[in-house]
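In Swiss-Prot this protein carries:
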- Asp24, His26, His61: divalent metal cation binding site (BINDING)
- Asp24, Ser25, His26, Thr150, Ser151, Gly152, Glu153: 4-CDP-2-C-methyl-D-erythritol 2-phosphate binding site (BINDING)
- Asn53: site 'Transition state stabilizer' (SITE)
- Ser151: site 'Transition state stabilizer' (SITE)
Amino acid sequence: MTEIPSSFVLPDPEWIYRVGIGQDSHRFLPDEDPKPCILGGIIFENTPGFEANSDGDVVFHAICNAFSSVTHKGILGGLADELLKTKGITDSVVYLQEAIASLKPTQRVSHLAITIEGKRPKLLPQLPSMRKRIAEVLHIPLDSINITATSGEGLTAMGQGYGVQCFCVLTIMEYCRY
């Protein structure tokens with residue numbers, strides 16, 4: 001049996017990484033509905049809002065779900081519903097702030113990868129504004145966030161223009177001593 005040289009022995013880890021995945025989707029309201037379309041905290045003009053109890057921001061909702069997959073604390077369908085019921089809060093920024101607050105003091109957001117599928121609205125011109133808004137809410141550097149967008153070539157209901165879907169992968173660094 002080959003002996004492992006001491007130079008290959010790893011030190012006790014001080015940082016571990018946890019990865020969360022989140023998803024959300026909503027159907028558009030009729031075109032004449034006045035509810036605004038909000039994605040990543042940005043209002044998209046000339047596009048109807050989403051069928052949702054909240055503002056329907058599928059980007060912030062997917063991020064909330066990614067936090068929940070790391071922290072095991074239900075934000076959407078749990079805390080967000082309670083905030084809506086007791087205080088009338090529909091702003092997804094508030095839900096995302098609650099998700100951030102669910103982190104342990106030893107945990108930090110390292111990176112966020114987001115992909116959005118939908119035929120409308122046209123996302124490309126607003127991606128920089130969306131990244132900036134997400135960075136502000138999460139209190140992380142802009143270069144820790146990336147967003148891609150696709151129409152899905154019309155293969156799904158989202159790509160056919162019925163709604164928008166978002167997937168998110170969240171990387172959390174956690175300081176721990178074993």
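Cβ coordinates are placed from backbone N, Cα and C, and glycine is handled just like the others.
Of the listed binding-site residues, namely Asp24, Glu153, the sparsest Cβ surroundings within 10 Å are found at Glu153. Residues Asp24, Ser25, His26, Thr150, Ser151, Gly152, Glu153, recorded as binding 4-CDP-2-C-methyl-D-erythritol 2-phosphate, reach a greatest CA to CA spacing of 19 Å. When the recorded positions His26, Asn53, His61 are ranked by how far their Cα is from the Cα of Glu153 (4-CDP-2-C-methyl-D-erythritol 2-phosphate binding site), His26 comes first. Secondary structure from DSSP puts Asp24 (divalent metal cation binding site) in a beta strand. Here the candidates are the recorded positions Ser25, Asn53, Gly152. The one whose C-alpha lies nearest to that of His61 (divalent metal cation binding site) is Ser25.
Of all Cβ atoms in the protein chains displayed, 14 besides its own lie within 10 Å of the Cβ of Gly152 (4-CDP-2-C-methyl-D-erythritol 2-phosphate binding site). Each of the recorded positions Ser25, Asn53, Thr150, Ser151 was scored by the number of other CB atoms within 10 Å of its CB, and the largest score is that of Ser25.
Recorded residues Ser25 (4-CDP-2-C-methyl-D-erythritol 2-phosphate binding site) and Asn53 (site 'Transition state stabilizer') have their alpha carbons 13 Å apart, per Cα-Cα distance.
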